[in-house]
Structures are given as C-alpha cells and as structure tokens.
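Student: Below you'll find the structure I mean.
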Amino acid sequence: MSKKRLHEIAKEIGKSSKEVVERAKSLGLDVKSHASSVEEADANKIASSFSAGVTKNVQAGSAKDKQVAEQKAKAAKATTPQPAASKAAEKPAAATQEASQPVAVKPKSRNFKAEREARAKEQVARRQAGQNRSNDRKSDYRQLGRSQGQQTERAGHKSQNQQRDRRFDNRPSSGNNRNDGHRQAGNRDKNRSFNANSRQQDTGRQGQTQAGAPKIDFKARAAALKAEQNAEYARQRESRFREQEEAKRLEQQARQEAKAAALKAQTEDKKHREASAKATESVASMAAASVAKPVDKRRKKQNRPDKGHDRDHGLEDGQKKNKKSWNSQNQVRNQKNSNWNNNKKNKKGKHHKNSNTAPKPVTERKFHELPKEFEYSEGMTVAEIAKRIKREPAEIVKKLFMMGVMATQNQSLDGDTIELLMVDYGIEAKAKVEVDEADIERFFTDDSYLNPENIVERAPVVTIMGHVDHGKTTLLDTLRNSRVATGEAGGITQHIGAYQIEEAGKKITFLDTPGHAAFTSMRARGASVTDITILIVAADDGVMPQTIEAINHSKAAGVPIIVAINKIDKPGANPERVISELAEHGIISTAWGGECEFVEISAKFNKNIDELLETVLLVAEVEELKADPTVRAIGTVIEARLDKGKGAVATLLVQQGTLHVQDPIVVGNTFGRVRAMTNDLGRRVKSAEPSTPVSITGLNETPMAGDHFAVYADEKAARAAGEERAKRALLKQRQNTQRVSLDNLFDTLKAGEIKTVNVIIKADVQGSVEALAASLLKIDVEGVRVNVVHSAVGAINESDVTLAEASNAVIIGFNVRPTPQARQQADTDDVEIRLHSIIYKVIEEVEEAMKGKLDPEYQEKMLGEAIIRETFKVSKVGTIGGFMVVNGKVTRDSSVRVIRDSVVIFDGKLASLKHYKDDVKEIGNAQEGGLMIEGFNDIKVDDTIEAYVMEEITRK
C-alpha cells in the first residue's frame, strides 16, 4: 500500500500540520513530526476522525468512549437542529469511511455555518485539553515532591479541586513552562474567531428558543466531558508511572551487570600481570611496565549524580527521545536545579557518561618470525634494530643488559655489539656495503650491473684524427653530404662534432676532433670514448707532428687504427712514402704483415669512401661491440656550451643504457633533468640508445667536456650526488693551493717580481675554452706570465666587463660577441675587448702583449767626445767650460760624462750649450763651444767630456 506524509493529509483536509500530528498521536499512531509517513488506511482514519469531531485519543473497543461519542452526538442534535441534520448526514458518512477506509473527498457545496460551529467546538476541545495537561503537570509536580520528602500531595489535590473552571479562559496556567508563551500567542487569534462564532451561535440559539427549541444544560455537559477526560488522564498517568518504574529497574540491573563485568576484567588483568611479573626478571618487568597501558582503578564517587541517567530519566515516559514532552522536560529541569551544587563538581561532557564501563583488554602483540639474515650498518640504534627484526625495544634492551651492555632504545650500537646481538637471536649478520652514490666512475669500471640476457650489438663509435688540413672534416662532410668545412673559420675545425650515418643497414657514429696543436686535450678525449680510430694522413704531406700525437692517443686508449691516406688525387701524392713513415711509428699495414688496415681515398672526390666504411664495419664486427639498452644511461660529455635562450647545452655520447627525456641526470659536477633532447640533425627525440650522440638541456651549470654522466633513480638522488661532487671538486681545488715553505720561498719572492698579463676568456664551447687557456699558459716570455682570471662559455656580458675593470684584465672573445650593454660599459670603463675566431691569432696577439708588458731595455750610444780648453767662472751662474769637439758631436739633450785621469768623476745632463753667444742644439766635429753641466761646477782644463744617449732595444 502507498504511504502519505502528515503534511499532505493536513493539506487535503484543510487542517494545520500540528493538529494532524496531535490527532495521529491521539489515535495511537507512531509519528514524530509532520514529515512522518503513514499507511493509506491510517490516513483515512485520521481524516475520518476530523470529520466525526473526535477530540481525544479514544481506543477502539472501549465502551466508555462509545458512550462519550453518543453524548456528543445527542448534544449536537439538541443544540442546532439544522446543523445537526448536516452532522447526522456526516456521521453515517464517517462511519462508512471507517468501515471501507476510502479517501476523504470534499463536499461539492460548503456549509460555512456548520464549519464555523465545528471549528468552535474544536477550539473548546483544545482548550480543555490544555487545561487537562496543566492539571497533569501539577500532579507530576506533586509526585516529584513526594519522592523528595515534601509531602504536598494533599494540598495539591485541594488546590486542584478548588480551582475554577478555565475552559473559556485565555490566561495561561501557572504549570506551563516558558514555551507556553508561544502557544498563548497562537491561541489569541483563535479565541477572537471563537468569540465571533460564539456570538453568532448565541444569536441562533435565541432565535431557536423563541421558536420553541429545547434548552441545553451546558454546565452539565461540560462536567460530564471533564469527568471522562480526567478519568482517561488518570489511566495514562498510571501507565506512565509503571513504565518509568520498569525502566528504572532495567537501568539499575544493567548498571550492576556493567560493574560486575568491570570487576571481572580488572581481576583477570591483575592475574595476568602477576603471572607475567613472576615469569620475567625485574629489569624486563620495569621496561614492560613503561610500555603497557595502566588500567584506571579509581572508583567513582558515590555522591556524584549520574548526569547521563538524569538526562535519560525524563525521556523514559513511553515517548521517543526526540519527542517533546512538557512533563518530562520540567521534571528534568527541576531535578537539575535541585542538584546544582553537586553538578558543579562533576561537569563532564556527554562523552564521559559511560566512563564507568569496563576498560578494553590490552591486545597482545602479534608474533613475527625472526629473519634469517640481517644487514646492518654502523651506528644503528636499538629502536631501528627492533623495527627491522620485529621485536620490542625493551626485549633488546634486556638482552643487551644480560650481555653487559647498558643501552637505551635511542642509543647507537657498534658493529661488534650488533653481531653479538644477532648471534643471540640466531640471525646471520652481514655488514652493509656502503656505496658512494656520488661516484659515477664506478659504472665505467664495473659492469656487474649489466644483464647478460639484455646485451645487444651496438653501433661503433669512430673518431677521425690527423694533422691540420689533412682532410678530416672534408671526409666527414663527404660522409654526411654536408658542407661543414666551409663554415669553419680559417678552414680548421674549432671544436668536436658528433654525427651518425647509416651504411648497409647499420649505424656508425663519427667524432670529428680538431687537428690544431692547441686541441691536444680534445683529441685525447675523443680517443677515450671511441671504438675505432681513423687516422687520416695527406699523401702529399706525409706524417706530421699532430699525426704522431694522434697515434700515441689511440695506442694509449687501446683502440684499433684504420689509416686513410687522403688526397691521392693531388700531384705529388706518394702513398708508399706515407706507409713507410707510419711503419717507423709502429703503424704497420696488413700487407706488410701488420694489424692496421690502410685505405687510399680522396675525400674531395668521394673516391673509395665505401671501401673505408666497409672496413669500419668489418673491424667493428671483430671487436664485438655490445651494450645493454635496458639499464639507466651512462656516457661521456663530448662538448658543452652556454646558449642564450636554452642555458647550458651539453653534447653527450650514450655508452650504456637508454637516455630518456625527463631523466634525472648528473653530468660531471652538475645535475638536472633532461628537459629537451636533439640528435645530430637538430631534430627532437625522446630517447637515445647506446652509441647515439645527442644534445640535452636542463642542467644547472655548464659541465666540462670529457666529464662522465649517469642517470639516477630520482631527482632527489641526482641533486644530492651533484652537490656532493661539486663540494668535493671545490675542496680538491683548495687543497691544491701552493703553500709557502722554506724550499719555495726564493721562488715565491722571485715570482713577485714577474709581471702578469690578466686575461678573461669567453668562447662558444667548453673545448675551445680549455684549448685557448692551455695555449696561453704555454707562452714563454721571460719575466711575464699569463694569468687567466676567468674562463667560461657564452657571450661577453656586463659582469665580465666589471671583473676585467677590477682586475685590470683584457677580455678575449673566441667565436662570441659582447652584448650591447657590455660594449657600452667597456667603452665607459676603458676595458679592452679582443674578438677572434682563429686560435693561433689569439696566441700571437697575447704574446705581443706579454712582451710589451716588460720594462724596456736600453743600450748606450756614443755621440761624440770633447776636450775642455778653458774655464770661466760667472757669479750666480757657475762654471762655464770652453771645449772643442775632437770626435763626433755634442747635442743639447745628450747625457755627458766627465772623465779626469781616465776616471769618470761625474755623469749627468747638460744645462746649456752655446756656440759663441748663441744657444744651439748641437756642435759638430772640430768646432768650439761652451757648456754648463747640471749640478757640477768643478770643471777643469783637459777634462774629457763624452756625450751619449740611451736607446731602447727591441726584444726578440
């Protein structure tokens, strides 16, 4: 069956929700509010009760209730004949509805007079019900007074019997609580309409009386209704009293059972603790007592009232907890007011009302089996060991105490103590091998981390080496079909390049290294990462110094050498001479019984290039080059530079594993995450397999060319390793600082007299910076040395100019340009910036500057010789010597020496030179003149005067 909510029923029959709720409660239905739902039959029953004029909860089957209903019907017929007819018509209809339980239907025509009379009767009934509730509350107060020893029941009954009839009185009774004020305000409006209806009814009754209608005794009727209602309320009070007594008894019984359970739990817990105390020793007992939770054995004070009981006591009158009951609320409030002094001592929240319940028993720790092996490290605490072997720290403290070691759970233990402890437990102890996470070199020396099942063949890495302008870049350019050589300044390769080509379905990685003498370190670096070396030699030049150097690098790296004799198309080419010259340095052709392959090529005209590539693949197959692409990537930095928009850019050669974008990486003393990755063609890639050259961005600083790199598990580990490596490098640099001792004291003092040329080097790539700095430091000029104040990659900026001004240095830019702000600041601060693109021109210019830094060297040049013939003494002027030039000439600005008896008695400058009375600049051979010498007046006859000048000589 369908259900209806009470507010829907109220809307259908035109009543308020409150009236419908009260009517449903009076009919014995279990409802709480206007939102409660009832069955269809109960809904019809509620609607029928309003149609029949029922005012109270009348139980079905009660004979007395039927009698009251009959009396109401008779009184209604006697009072109003015409409305009685309508009531009589409604009563059978209501009876029919109760029998068949149909849905109430509104009549087609409304009888307003009958409706007003019905509302007036309902108001009278509600007033009477309110009066009865007031009487009930007074009766409850009397019962409460008797329980507290106040013995006021008889006086209360007397006042109740003497109280006048208040059925039509609008004043509230004194027994209502403060919520009655809201009910009184609502009753005033109802009383106004009731008075108006009463006046209309009185007018109608007068008309009926005049017409001869019988008179009705209202007092007798009201007294009968009141007596019946009082009897019903008395029965309800008796029923509530019995329910309350039963609830008290059940609550007392539950409290006694809870106390018994708590006492039993305490007894069992006490027995358990006594048994454990007897089984263990005193030290273990004390440790266990600190861990175990104590049980609260305090007894609750008897004079403290149970607030939870007081709160629930008023709700045990047969109603729900969330129902409103005027009697129960007043009773609880009075009880609280009477015990206000005791409640002050025990103001606990509602969460503490069940504080006397039995404590939960302490659950025993789950038993765990001991591990078979235990890997420990120095300095582990007792708590850490306990956590690893799944035991209590107190248990380990006890074992250590029995072993003679006093320790707490936070105390560190040495390795011997940990091993003895593990022996006591029967566990095999192993010391943990500490791995230096910052050490990248271990990946290159130990290949135990590689999985043999995942090892596959990789592409060979080939390095092209040779002398300057022997055709290395031209050969690589021919292989890649590009024109790199034309873009290189001066026709020489400035920095290393890495490229990858494909031949016969297989990839080959080529490294191009510079051949200039300044790039020795770059050639050595290229040989260290290569698998095969192609030594290119020009057929017309033969073996050159850098050719021999490349041979030595390849032999030191232990890699096979393939000799490519280039420029065989040129006139004067002599390959046989090249083969014989190489044999002198240990490079013997297979045709001569050696191990080196020789191929005659012409890189310019693409001759025998395929044969060279086939030879490379053949040698690679013999070498069995393998790699594991599944591990984390490791490799070497080929080149590094600082890009204005991208930051630090490093060219890496992957040697093991696969490098991915977003991998955390440590490169030398720097770290970061691979932000972007491009191949040799400038295209973006997401991964790089072994033997693949790529350029990456995302490093915090520019690394050094030749540094190793490794990928770490996460960025946190990579950052820690990078910072540790940078710290170690700084510490090593500080340790290398030379200290002054007695042995090098003279050298230190002598070095203070040596002049220095301060330079700041900025280049496009890191390899060029290294080569340029090394070349400048090798310049040998006596008395002058080069001091590299700062070297870095990238454009010349304002900070470089500021540093140059502070250190009086010259800025040298190699393949870079200064920013506009830096150029403007350099002009303002008078800082010299030299820009170059060819390295040997830089070396020549710096060497000239170093030579110019030395003090000039002077050489004496004799001009002439004169003899004093006569002397003249002039007062206030000095002695004037008359002379004759016997050799050469005497000039005005020349220096002179006075020689007497072959001894130089004075060396100085001329104060004046005259020919007769005229001042002249010089006096020639066999001429006479007069002179005065500054600061010397002791000129005598026959003194010899030598005239000379000091001329600066050029250093070679």
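Glycine too: its Cβ is placed from the backbone N, Cα and C atoms.
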Student: When you get a sec, could you say which of 491-495, 541-545, 816-820 is annotated region 'G2' by Swiss-Prot?
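Tutor: It is 491-495 that Swiss-Prot describes as region 'G2'.
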Student: Restricting to the region 'G3' (512-515), report the mean pLDDT as a whole number.
Tutor: 58
Student: Who are the long-range neighbours of the region 'G4' (566-569) in its own chain, taking Cβ under 8 Å and residues 6 or more past its ends?
Tutor: 470-471, 474-475, 536-540, 575, 600-605, 607
Student: Within the compositional bias 'Basic and acidic residues' (266-276), count helix residues (DSSP H, G, I), strand residues (E, B) and coil residues, in that order.
Tutor: 11 helix, 0 strand, 0 coil
Student: Please spell out the DSSP helix, strand and coil residue counts for the region 'G1' (466-473).
Tutor: 2 helix, 1 strand, 5 coil
